[in-house]
């Protein structure tokens, strides 16, 4: 009954007569435009309340046409914004609507007093991990950890010296300080990985080092533990000098996310010690630097950071090689990396664990032939099947472009899959928030470009998907290395389009064969 009354009132809004809608009313309003909008409950006046005989255009206040047909510029009556002067809400430019924008920006139409672009307000505030969270976020060793211990290791020296320190079989055998051993135990590290067994004694002896080992092999702890031991044992001071930061150890990494991860790992091992790990910026001098670490060195070269590394190494305050200890860690050992080692390292020891550049044998690799048109539908179906089996599954999806990362994340969300994205064009706080939500389990799926492909140690990633295949086989190895870490089994699924990815066929066949994986017909037939 109430609904019928409401509809009836709506129909007789303009002239109180029945048989037509208000917008089709041929008569002048009988309310003197003080409008009894829906039953005389509104007492405000319209803009043309003085004219009781003729409705006027709401854009120009002229007569004889509707606002949607108005040929004139809008008049600013002080009550309504002229949105034309604000331009497109995506790029701030005039002449088009936001939906037709071909040059969207991250700042939209937010502008400062002088018309400069102004970013959206930041709502994400990163929280520093508590002590409990620091020790809980690491990946626990898996059922295949003991088998990983049997990996072949090659150790050599540039001077062919037989005086290379013997490997250690336990952390206590490495003669690390008790505080470090306590934190190692608290982190549930029971046995050193092969790369740790061979590199920790070398670093503690003061030798330069070039180490190659597969992803997820414990390289970060391999250099952090001996560096912290040295700092604690020698009471090394790191004070300000002329308001300049003087770091004792400088660790360079290719991505911000990896830098934050190393920062938290260092905090964990330095817990309850006098050493304070900080992320510093501003004026800096390298005159007190005793350790220079290049982590994921091959990735830094691939991403074009060699000139930046050169600036640090050749900085006037940087001690020359021979007066500092330089440590390089990488998963591959290309010609470029060999040249880098020759330039930066002095009389160094080379340690290679397993087959350099090989895939992790703990990752079950599946390569499926899926054409470009069918990939999205296949992705949604696969992810939904996995989440039905395990609602807490973490799935990392790799794509080649930043735009595709956002598109696929949104596409998954529209298909009721909790996803987010991370790539180089997102603001830093957005990248950190996306990674945090994925790590915490708030998001099941993280769609990423290469920014997340190296070094990141995300607990609980069970599946890595290559929605787009990478351009080279080394990148493929690093991508699938985000799962199956420290002896845990993992799964990698790749969508292979012969027309687009055929250049990878030969290398992919060799990689799968070496890792004891099933070689698909699509690759072997090429």
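Just so you know, glycine gets a Cβ as well, placed from its N, Cα and C.
The feature compositional bias 'Polar residues' is assigned by TrEMBL to 27-44.
What TrEMBL records for 56-72 (among others) is domain 'CCHC-type'. Taken through DSSP, the domain 'CCHC-type' (56-72) splits into 3 helix, 0 strand, 14 coil.
The annotation domain 'CCHC-type' is assigned in TrEMBL to 88-103 (among others). Per-residue pLDDT, averaged over the domain 'CCHC-type' (88-103), rounds to 70.
According to TrEMBL, the domain 'DEAD-box RNA helicase Q' annotation covers 169-197. With a cut-off of 8 Å between Cβ atoms, the residues of this chain six or more beyond the domain 'DEAD-box RNA helicase Q' (169-197) that come close are 135, 138, 140-141, 145, 148-149, 151, 153, 204, 211, 213, 217-219, 221-222, 225-226, 228-229, 232-233, 268-273, 351, 353-354, 486.
According to TrEMBL, the feature domain 'Helicase ATP-binding' maps to 200-351.
The feature domain 'Helicase C-terminal' is assigned by TrEMBL to 375-526.
The region 'Disordered' annotation in TrEMBL covers 22-52.
Sequence annotations record features per position, and here TrEMBL assigns motif 'Q motif' to 169-197.
Counting residue by residue with DSSP, the domain 'DEAD-box RNA helicase Q' (169-197) contains 16 helix, 0 strand, 13 coil.
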